[in-house]
Structure formats: structure tokens, C-alpha cells
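Heads up, the thing below is written out as C-alpha cells.
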Amino acid sequence: MTQHFLLFDIGNTNVKIGIAVETAVLTSYVLPTDPGQTTDSIGLRLLEVLRHAGLGPADVGACVASSVVPGVNPLIRRACERYLYRKLLFAPGDIAIPLDNRYERPAEVGADRLVAAYAARRLYPGPRSLVSVDFGTATTFDCVEGGAYLGGLICPGVLSSAGALSSRTAKLPRISLEVEEDSPVIGRSTTTSLNHGFIFGFAAMTEGVLARLNGVLPGPTEVVATGGFARDIARVSSCFDHVRPDLLLQGLRLLYLERDAR
């Protein structure tokens, strides 16, 4: 019987749940991050996810997570134990991330940033340097040279910026962030002005940051985009070499499979 892995990317806004086998991440689901949930509510949702994928608890061989929300960790850990009969392994913590962490205080780096950087290096071993750009709650630029995690930059996120603008402006409409054009248009409505301003504004920010990073990283350098808005930004910008929305889930899969080889 094929063993499946349940992978958890526990972020500030959402929990992304991936179902994987040894060779690939097969599918993923996104649930809101809610510290107010109970172990049972999370466990029942996990059973729903598995049922939707045509699986049951007996098909799950391992549960692996990275998290930037410590308050949610024990809830999901207990849910995995009670409903799936599996211990939830965290990276880092239970599973080491084999990168030389050059941060001044290594423990300060978010687990998601390290896992994504590791995944980028494992999936794209050729270039001397890599930049992983994650369009999540924040937009992060994480730099890898060889086997070393150098650090990076943290910028505002697309959705969090849109939410902040909407909450502070009484007359502006809610932003959909849906843009069909490949080039910005001069908006003749507030909605068009906002949507194009956000998508092309973040694309320009990304291009500018990457251009400056290229000036300080030893080349050749390749750029991997991930996160919820990776495809949206990639459609209007040519600054990415690879687009992998599932980059972090791929990293968790690889970390689990290679944990005994190190």
C-alpha cells in the first residue's frame, strides 16, 4: 500500500495542507489559521481533507510541519495523534534543516523561510546563488549561496497591505487583486486603479529588490517564486526563473525523506 505524507505549512493567515508521496506533492488544501479552534475541530477537518482525497488515516505514513504560529502547534500535534495516530514532526526541531544558517541569531529565522530556502537549493542545485521569494502574509526574499542560508529581506505582503488600506479608508472598495492585462492600464475606476496599482506595484518592488540583490550575490543567481500570489506576479513580470507555489510543501517532503541520510 502506498504511504502518503500529510504536510502542514502553518502560516499567520492560512494553514496549507499538502498530501504527498515519496516522489511528489499530489494536492493541497488551504484552511484559515485559527488559534481558537480545538483539537477535535482540527482533527475532524483533517479527516474531511483525507476523505476528499480518497484516503483515510491508515494511508498516512507521516505528518510533517513547519510553523510560524506557535500557539497553533500543540492543537495540530494533538489532532494528528488522536485522529491520524501519527506524531507530528516539526522542521526544524524534530527534523534538522541542513543549511548553514548565517543569521546573527539563527533561532529568529522563521521556519517557513528556512524550509523554502532548503527546497529551492534541493530542487535547483545548479546556480551558485538562489533567491526564494515568498508572496505570503509578508513578501520575503531569502538568499542561499551554496549550502548556506545567508538571510534576506522582509517586505509588506500583498494581502496584508490590501487589508490595511481597506481598513483605513472609508470610501475605497475592497480590492479583488484580479488583473487580466499583462501591462498596467491607466485606471478609470477606483477598482481598476487599486488592482493594477497593487499587482504592478508589487511586481515593480520585486524586480527592484531582485536587481539590487543580484548586485551583491555571487553569480550565477536564479530566483524561485512561491506563495499565494506567485503566479499573479509572474504573469506580469519576467524576473523569476522558476515558479513553485508548493515550494514549502516540497521542502517538507524532501526533509522527511532525507532525514535519515544526514
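Here the Cβ of each residue, glycine as well, is placed from N, Cα and C on the backbone.
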* Out of Thr137, Thr139, Thr140, Thr169, which is the one Swiss-Prot records at the ATP site of Asp9, Ile10, Gly11, Asn12, Thr13, Asn14, Val15, Lys16? -> Thr137
* Structure fact -> CB neighbours within 10 A of Thr137 (ATP binding site), counting all protein chains shown, number 21
* Just going by other Cβ atoms within 10 Å, which of the binding-site residues Thr13, Thr190 has the emptiest spot? -> Thr190
* Structure fact -> Around the Cβ of Gly11 (ATP binding site), other Cβ atoms within 10 Å, all chains included, total 24
* **Other CB atoms, at most 10 A from the CB of Gly110 (substrate binding site)** => 19
